[in-house]
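Just below is one structure, and these are the notes that go with it.
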Amino acid sequence: MNLTAESHRVPLSDGNSIPLLGLGTYADPQKTPKGSCLESVKIAIDTGYRHIDGAFVYYNEHEVGQAIREKIAEGKIKREDIFYCGKLWNTCHPPELVRPTLEKTLKILQLDYVDLYIIELPMAFKPGDAIYPKDENGKFIYHETDLCATWEAMEACKDAGLAKSIGVSNFNRRQLEMILNKPGLKYKPVSNQVECHPYFTQPKLLEFCRQHDIVIVGYSPLGTSRDETWVNVSSPPLLKDPVLNAIGKKYNKTAAQVALRFSIQRGVVVIPKSFNPQRIRENFQIFDFSLTEKEMKEIEALNKNVRYVELLM
Ligand code: NAP
């Protein structure tokens, strides 16, 4: 695949398109200084990023919105240049909550629409103010969900112009099939955001999604921040991998750049998170080299089929 920074978008099944590289914005709110997300999104836009991945539960969506609006006011970009992906949280699956939840996100962002709105997880928690509702024994309070009914409410958000495209996240094949086979389906999910990187290459899901025109957006493309509170750190750090480093040496690139290039060359959209100016720029420098077929195969062979993000809840 011949990719350049100018042409780095992939078509979506609804006629829209998504930039192959986006900035992830999840950072532990307890450990991250206020304003870092704002500054990072602005640096990313100046660097050339046009795709930002966020969520209500990242607690920094207001900073993302502010950064986008400031860059528009500066004349650096227009709203239509930006691709923002927001997410419907687990406590908001009942169909009557979907539109008000998206409207709340738009209010926080101070934007009129999101480019992509996705169901964050195929399981639900009890609706209410608690993001992680728990009982008196500290156990999560789950809630039954009818993913097809939630999907119909997502379709209504697209029809209302609040989301240009709609998709899902963390869905397996069976859950995707439930939506694809839903009687009266109006819009297919355009994308499925899942963990995807050289140690977890998702070959079967990737093939299934390809057959159904569903773009895979790979989260944790650099192997996560290795935060022990939610990451399986028994799997070795991706960026220390000798093969990725050796290939990087050949092209004068880092292991991170090789990992990202590997994904985009497979048609997987990547959303690396960085709030560090140098690394934000580094992660963008992946359009000026390409991996050979042999190198792609070598990296594919690194697959361990082990997730960093186990989502134990
Ligand atoms: P990631 O992007 O694989 O890795 C982020 C970590 O790598 C951070 O600690 C970052 O630190 C560091 N980093 C960034 N660039 C680097 C480079 N060039 N060299 C070395 N280290 C580098 O992990 P992630 O945050 O788990 O995933 C990315 C995004 O995917 C998230 O931010 C979020 O938007 C999304 N996500 C979605 C879900 C879901 O369920 N849908 C789940 C997980 C993540 P610095 O910031 O200090 O650079």
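Quick reminder: no glycine exception, Cβ is built from N, Cα and C everywhere.
Because the structure is a prediction, the values reported are computed rather than measured.
What TrEMBL says about this one:
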- TYR58: active site, proton donor (ACT_SITE)
- HIS143: substrate binding site (BINDING)
- 21-303: domain 'NADP-dependent oxidoreductase' (DOMAIN)
- LYS87: site 'Lowers pKa of active site Tyr' (SITE)
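Overlay of TrEMBL annotations on the structure.
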residue	record	Cβ neighbours (10 Å)
TYR58	active site, proton donor	21
LYS87	site 'Lowers pKa of active site Tyr'	27
HIS143	substrate binding site	16
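The domain 'NADP-dependent oxidoreductase' (21-303) scores a mean pLDDT of 98 in the predicted structure. Note: the CA-CA distance between the residue listed as 'substrate binding site' and LYS87 (site 'Lowers pKa of active site Tyr') rounds to 18 Å. Between the C-alpha atoms of the residue listed as 'active site, proton donor' and LYS87 (site 'Lowers pKa of active site Tyr'), the distance comes to 10 Å.
Under DSSP, LYS87 (site 'Lowers pKa of active site Tyr') is assigned to a strand (E or B) in the three-state scheme.
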